[in-house]
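Trainee: To start, I am sharing the structure in question, which I have written as structure tokens.
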Amino acid sequence: MSQGRLSESNSPLSADQARRLNDALVDLDARQRAWLQGYLAGLDAHDAPVVAESPPSAPSEPLTVLFGSQTGNAEGVAEQAAERARARGLEVELKDMASFGKQDLKQATRLMAVVSTQGDGDPPDSALGFYELLAGRKAPRLSDDHRFAVLGLGDASYEYFCESGKVLDSRLEALGAQRLCTRVDADVDYEETATQWVDATLEAFAALAESAAPTQASDAGGTAAATYSRSTPFQAEVLEMQPLNTEDSDKQTLHVELSLEESGLEYQPGDAVGIVPQNDPSYVDELLAALRLDGEAPFEEGRQLRDALLNDFEVTTLTRPFLNHWAEISDDAELRRLLDEESRDELREWLQGRHIIDVLEQFPVEGLEADTFIRALRKLPPRLYSIASSQAASPDEVHLTVAVVRYETHGRVRGGVATTYLADRVSPGDQVPIYIDHNKHFKLPDDDAAPIVMIGPGTGVAPFRAFLQEREARGASGDNWLFFGDRRRRSDFLYQAEWLQWRKMGLLTRLDVAFSRDQQDKVYVQDRLRERAATLYDWLQAGAYVFVCGDAERMAPDVHQALLDVIREQGGHDEEAAAEYLRDLQQQKRYQRDVY
């Protein structure tokens, strides 16, 4: 043939398709080829839809959209990216780091990655294996043909902001891949930043596209049903708000019931509710006084400055961007010194227990305009709370377990933004803006016969109330074991009557509690795990699922170490084998954590 043989480089065909078509064409004479050309043209004319405009051509290489997600935010961005890429006519593969291996990375020559950061700069639990691969000697060598872009999700109030994204970005480059777009780090109000990154990155990947067959326009019609989200929350009526501690407790924990009637919102045990809070009015007034600004001054069309500070901006938590901004406008030598790399440890200590108001008072700026201050603030992020109910038990409700945060530091009484909003300024009958935050990585097993072990001290017990309600409603036959801990049995045994009732019914197979202040030597849930080591290991060997919820800083690492000790001692493993055993449980989704 005058145009030469077909191949991947000069056609939209795969190598196998090109080979088979070349084999078929080689024996055809000119008359037969002319007939075939007309036949194919006739098929195209018969099948082709009438469209005004075809979407862009697909690239010769598929686009891999990779995510590593702890709570579902990174996964949500990745799903959005994949959907938008397909709308552009791009071939897309949506992948989870939990199951992304060496060969997958070698084959992903067009890579778009979204990853969150948890704890002290750590990747999501499900992505640990992938990050170990990247850091290890067995990491694949990549080439100039590999193009990538990375979006990191994090919280700028933490020292290692978006560390997982930074590590992934630098490691891919070190392995030989070429960065297509500059890495973007998104704070807790990530949605707008993520959307901009998705659009810009897809535009860049589309520019790499080689000639490909035009994609037919979709004939799908209609619009998606309206949904509630963090940007458009549902106004949920507060049905009930009850204290869970007795009056002599030094803690305040609330059981909150919200109505979902007529919302259409659905959730599963393991999901969370996002509360869109309001800042403390008295604190906002302190800010305005420190800044010498008029709260009634116009901010935006039809709004006042005080209203914006109450509802739109994070005005308590100190972030590195805020400090950098304030150092620039205040030109204070001491603040600049604290922000130097050599003062990292001193800055970390200084930040403990301080808020934005402390910076305004210690490093004042005269004649500051409102816009200059506002530019230093981030948007007020929602606060997530584990759902403590099952829709199978309470169809039109969602229940929360809220530990109210109050403390005093540096001569000032302080409180959690959302928890004091609920405790002090919301009553039954009021409405609270909420949305459902789905968590695919903290879910009951599909097998109702599977045993589960639940470890949840304090408010970490909330999802396990939902788990047991769900298993009761489903008539699940699997055994259920709860480890709960708090300070004192008499005052802090959250949902005590319900656990004891389920224990009496037989739904709760085992109940182990640890109250740290009821004896001279403090006892915690990890101590109970070690005490029950033999039975716990038997459960693991029988296929039990382990769920951990609560404090990420101390409890979760201590529980993790206790599980390693149980596996090592009861299974006769060395440390490396015990760690591998636990990693296998994670890969099988039999070890799931929701820690914060």
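Don't overthink the numbers, they just go from 1 along the chain as shown.
Note: Cβ is positioned from N, Cα and C throughout, glycine not excepted.
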Trainee: Same NADP(+) site as SER516, ARG517, LYS522, VAL523, TYR524, VAL525, GLN526 according to TrEMBL: which of ASP479, ASP486, ASP558?
Mentor: ASP558
Trainee: What same-chain residues, at least 6 away in sequence, bring their CB to under 8 Å of the CB of ASP558 (NADP(+) binding site)?
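Mentor: Expected: TYR524, GLN526.
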Trainee: Do you know offhand how many angstrom separate PHE161 (FMN binding site) and THR316 (FAD binding site) by C-alpha?
Mentor: 18
Trainee: Could you tell me how many residues in the domain 'Flavodoxin-like' (63-202) are helical, how many are strand and how many are coil under DSSP?
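Mentor: For the domain 'Flavodoxin-like' (63-202), the helix, strand and coil counts are 59 helix, 32 strand, 49 coil.
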Trainee: Across the whole of the domain 'Flavodoxin-like' (63-202), what does the mean pLDDT come to? Round it, please.
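Mentor: Here the predicted model's pLDDT, averaged over the domain 'Flavodoxin-like' (63-202), is 94.
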Trainee: Specify the count of other C-beta atoms within 10 Å of the C-beta of PHE161 (FMN binding site).
Mentor: 20
Trainee: Any idea what the Cα distance is from VAL402 (FAD binding site) over to VAL525 (NADP(+) binding site), rounded to a whole Å?
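Mentor: Taking the Cα atoms only, VAL402 (FAD binding site) lies 20 Å from VAL525 (NADP(+) binding site).
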